[in-house]
Amino acid sequence: MVEWVHTRIHPKKVQKVLLQSDVQSKSDKSPVTVADYGSQALVSYILEKELPSESFSLVAEEDSGDLRNDGSQEVLQRIRELMNDTLASDGENKVLSAEDVLTAIDSGKSEGGPLGRHWVLDPIDGTKGFVRGHQYAIALALLDEGKVVLGVLGCPNLPLASIANTDQSSSQNQVGCLFYATIGSGTYMQSLDGSSHKKSPVAIQVHVSAIENPAEASFFESFEAAHTTFSLSGSIATKLGVKAPPVRIDSQAKYGALSRGDGAIYLRFPHKGYREKIWDHAAGCIVVTEAGAVVSDAAGKPLDFSKGKFLDLDTGIIVTNQKLMPLLLKAVQDSLREASSPPTGPSL
């Protein structure tokens with residue numbers, strides 16, 4: 001199954017739909033709309049076409065509601081053109097209509113849950129990173145009876161070389177990584193450049209960092225302040241004795257980078273009221289756990305993807321290797337207690 005996923009739904013092919021140059025040159029939001037909708041429509045169309053014998057269920061971020069408005073016809077036409085161009089380059093003879101595109105997008109309306117099999121898709125994870133020309137990912141996972149059993153992360157802007165101690169925006173020779181994992185079989189990484197070559201790209205198995213001393217560790221967190229509380233992350237790092245500054249990256253590319261040992265810790269503590277969606281973590285979670293990491297919430301409980309579109313979490317998400325997890329969990333819980341305690345004034 002995974003061989004089919006990473007050859008037919010190749011993120012480098014999906015990238016043709018994303019219009020990165022257009023995003024950077026236009027002031028309105030239509031290119032981002034084209035990117036999000038186009039990626040979802042393409043992936044859902046190919047999945048449903050290739051899996052006709054299964055009861056197809058897709059949990060995805062977008063729906064076609066806004067695209068059915070009269071004022072969205074130009075955007076819809078652009079998505080249709082890009083989809084047809086991409087499919088034609090892959091040998092597809094059928095020309096999709098506008099209604100075909102809308103139907104493909106709406107294939108992602110499933111609620112998920114604990115029963116049956118559900119594909120989970122974030123068509124562009126890290127939209128703001130995409131707009132800035134930084135990191136973003138196409139993230140696809142498969143749930144079976146509420147458990148993540150397969151994950152694919154396409155990270156078109158992530159260098160093949162480690163980003164440890166490297167500015168994520170710096171130019172490097174080889175850029176574009178594909179990570180994939182199936183339950184019990186490990187995590188593999190290969191270059192996205194192989195999509196245009198006759199010879200298949202070489203996949204290598206990757207593993208998380210084996211660092212045991214937190215003073216030697218570095219940690220990832222979200223680039224956007226809305227997705228994590230930087231002051232809390234700073235407190236946790238101080239308690240652990242982490243000396244390196246945080247590496248802030250958009251999207252589930254963090255999970256991919258962590259799975260190959262670029263860093264040792266990932267901290268995510270959104271502000272109060274934010275609800276985590278399963279498509280923001282399902283693919284990344286299996287990619288990093290199959291590489292040897294432990295993923296939990298702030299109470300030390302594993303993430304539960306069986307509850308529908310949202311994750312029920314205790315406060316945040318933490319990821320590291322098995323050796324560091326007890327120390328990290330203690331630092332997290334101590335920092336959370338301090339943050340929730342009212343300040344005490346001087347005694348009189």
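Note: Cβ is positioned from N, Cα and C throughout, glycine not excepted.
In TrEMBL this protein carries:
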BINDING   Glu61, Asp122, Ile124, Asp125, Asp280  Mg(2+) binding site
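Around the Cβ of Ile124 (Mg(2+) binding site), a 10 Å sphere holds 26 further Cβ atoms from the protein chains shown. Excluding the listed site residues Glu61, Asp122, Ile124, Asp125, Asp280, the same chain places Leu121, Pro123, Gly126, Thr127, Ala137, Ala139, Ser251, Gln252, Lys277, Trp279 with Cβ atoms within 8 Å of the centre of the Mg(2+) site Cβ atoms. The candidate set comprises the binding-site residues Glu61, Asp122, Asp125, Asp280. Of these, Asp122 has the most other Cβ atoms within 10 Å.
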